[in-house]
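Below is one structure; the comments refer to it alone.
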C-alpha cells in the first residue's frame, strides 16, 4: 500500500495533546496517571485508521486503549476521529514497535492486538514480521505473566508462520479460527481491511495466544 504524504499531519497531531502523546517515554510506568484511572490497558500495534481500536474503546469504556501506528499520515486519521468524537479512554502514539519497552513497564500492558499486519512475504524479511521472535519477546516484556496476544489476518501464510513462531516461542493458543466470519462473534469489531477482504470472500484468520509464565 502506497502511503499518501500529509505534510500537515505532524503539526495537527501535536496540537491535540489530550489525544496524541508526543513523548510516551515520559509516561513509562505511569499510564494510569495519563488516563486518570487504573483500568486495564490494551494496545494495538499497527492501528491503521483506527476503526478497530475506536470500536473496541466504545464497546469497552472501562478499558484504556493505545493505538500505535508508525506512520503519521495514517495515525492522523485516528486523531481526527477522536477530535470529532472524543473518547477519554484512547490515546495515539506514532512509535516503532521495536521500542515498546521504552514506553511501557513490565506488566503495564494487559493485552496486545495485532490486526492485519504487513505479512512481509519474502523470507529475507521475516525479522520484520510483528510475530517474529524478537517482537514476541518485546510484547512479553510489557505484558503480565500469561499475557495475551489477539491476532487477525487475511493472509494464510502469515497466519501459519505466526502459529509456528508463537508455538516455538513457548506460547499456547486458547482460540484458533480459520474462518472467523462463518460464526462471527457478536462482539467482533471489524477492521477496515477485514471488511474489505471479507466482502471479497476471503476467509479471516484469528487466534488468541498466551505466554507461558516463566519461573
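Glycine too: its Cβ is placed from the backbone N, Cα and C atoms.
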Given that Swiss-Prot annotates 44, 96, 118 as S-adenosyl-L-methionine-binding, name the residue from 17, 69, 72 that shares the site.
69
Reduced DSSP assignment, residue 191 (substrate binding site):
coil
Cβ-Cβ under 8 Å from residue 193 (substrate binding site), same chain, 6 or more residues apart: which ones?
48, 115, 116, 154
Identify, in sequence order, the residues in the chain of residue 69 (S-adenosyl-L-methionine binding site) that are 6 or more apart from it along the sequence and have a CB within less than 8 Å of its CB; answer 'none' if there are none.
46, 47, 48, 50, 75, 78, 92, 93, 94
